[in-house]
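Chemist: First the structure, which I've put down as structure tokens, then a few questions once you've had a look.
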Amino acid sequence: MGYTLTILGCGVMGQAILSAIYRAPKAADAATAALYPSHIIACNHDDASVQQVVDLVAGMGASPNGITVDVTHSHNGEAVSQAEVVLLATKPYLAEMVLGGVRKEIEGKLLMSIVAGWTIDQLQGYTKTVSRIMTNTPAKYGYGCAVVSHSAETAPAQRLLVKELIDQVGKCIELPERNMDAATSLVGSGPAFVLLMLESMAEAGIKMGIPFKESLECASKVMEGTVKMVELSGQHPTVLKHQVCTPGGTTIAGLCTMEDRGVKSGIIAGLQEAADVAAKLGQKK
Ligand SMILES: NC(=O)c1ccc[n+]([C@@H]2O[C@H](COP(=O)([O-])OP(=O)(O)OC[C@H]3O[C@@H](n4cnc5c(N)ncnc54)[C@H](OP(=O)(O)O)[C@@H]3O)[C@@H](O)[C@H]2O)c1
């Protein structure tokens, strides 16, 4: 009954994914319940990093789907041998050493990897069924985005399992692997780019005399509300933007000044640059 998911490297992102899966609402039917592990083994580096995960799990109460968690260190091979599914979430520079250490045990298993720059081809050196995932830090709060690409050998049932688990971090979007460098920029680095915009708007409020707390509240709510408006209206951002532009009014004046300063082309060039760096990181291995 159920299966075991082993997480290799349970730090910031590993813990975010573990909590999302652990806290997922009770599955509506038996078919969905079968997509969840009954047991998770989180493998970390030392006693201190193990304790972090133990505390995290203790703070979450019981799992709605009855998932149990064990946390260990220095037993990666043993933990992978007990698993049907493995999530690799170490830092990229440790991935080769960690995967090399479980080479025998991981073969034939479904490997989900969130390690930046590690391609499906490279991961297939260890097992043929691979799902490569790029996610982001809002996953910690259930508002993450994840782009997923699967190896050709990954069966439809395995793809369904990955989607159900990774959807728990926020939203899981399937794309071909050729889009992964762009996703690394748009999704992985994206929060930093949005935070730059948020910070700029909040500081503009301060410059114009609004206290920091209220300025940040206003800027944050404007961002949240605008995104909701795009989602709920289904309209193109340009259409919604023009609805706010009164002829001769304030918004068009602000937009023209931003365009003069190259805000839009700066954002596009910044995202392209991040994707180019992601592509180079992948080539280094
Ligand atoms: N953070 C982000 O915004 C982000 C976004 C998208 C993707 N990613 C990807 O997610 C991956 C993890 O990033 P992160 O920020 O979560 O890193 P992290 O916090 O450093 O987590 C990695 C974990 O692996 C543990 N570890 C080290 N050696 C190990 C070993 N031999 N066996 C098992 N566990 C071991 C570390 O323990 P110690 O701390 O004790 O060394 C740590 O708990 C990276 O590959 C990154 O590319 C991160």
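Even glycines carry a Cβ here, placed using N, Cα and C.
All TrEMBL annotations are machine predictions without curation.
Okay, these came from TrEMBL:
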DOMAIN    5-117  domain 'Pyrroline-5-carboxylate reductase catalytic N-terminal'
BINDING   LEU8, GLY9, CYS10, GLY11, VAL12, MET13, ALA89, THR90, LYS91, PRO92  NADP(+) binding site
BINDING   ASN76  NADPH binding site
DOMAIN    177-280  domain 'Pyrroline-5-carboxylate reductase dimerisation'
Chemist: Report the nearest neighbour of ASN76 (NADPH binding site) in space among the binding-site residues LEU8, CYS10, VAL12, ALA89, LYS91, comparing Cα positions.
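Modeler: Nearest in space to ASN76 (NADPH binding site), counting only the binding-site residues, is LEU8.
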Chemist: Take the mean position of the Cβ atoms of LEU8, GLY9, CYS10, GLY11, VAL12, MET13, ALA89, THR90, LYS91, PRO92, the recorded NADP(+) site. Which other residues of that chain put their Cβ within 8 Å of it?
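Modeler: For the NADP(+) site, the extra neighbours are GLY14, LEU88, LEU94, ILE114, VAL115.
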Chemist: Max CA to CA distance in Å over the NADP(+)-binding set LEU8, GLY9, CYS10, GLY11, VAL12, MET13, ALA89, THR90, LYS91, PRO92?
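Modeler: Farthest-apart Cα atoms in LEU8, GLY9, CYS10, GLY11, VAL12, MET13, ALA89, THR90, LYS91, PRO92 are separated by 14 Å.
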Chemist: With every protein chain in view, how many other Cβ atoms are within 10 Å of the Cβ of LEU8 (NADP(+) binding site)?
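Modeler: There are 28 such Cβ atoms around LEU8 (NADP(+) binding site).
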Chemist: Taking the Cβ of CYS10 (NADP(+) binding site) as reference, which residues of that chain separated by at least 6 in sequence fall under 8 Å from it?
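Modeler: Long-range Cβ contacts: LEU18, ALA42, CYS43, ASN44, SER49, GLN52, VAL53, VAL71, ALA89.
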Chemist: Looking at Cβ-Cβ distances, which residues of the chain lie under 8 angstroms from VAL12 (NADP(+) binding site) while being 6 or more apart from it?
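Modeler: Result: THR137, LYS140.
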Chemist: Just to confirm my parser: what is the rounded mean pLDDT across the domain 'Pyrroline-5-carboxylate reductase dimerisation' (177-280)?
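Modeler: Per the prediction, mean pLDDT sits at 97 for the domain 'Pyrroline-5-carboxylate reductase dimerisation' (177-280).
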Chemist: If you count other C-beta atoms within 10 angstroms, which of the binding-site residues ASN76, ALA89, LYS91 is the most crowded?
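Modeler: That would be ALA89, with the highest Cβ count within 10 Å.
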Chemist: Is CYS10 (NADP(+) binding site) helix, strand or coil when read with DSSP?
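Modeler: In the DSSP reduction, CYS10 (NADP(+) binding site) maps to coil.
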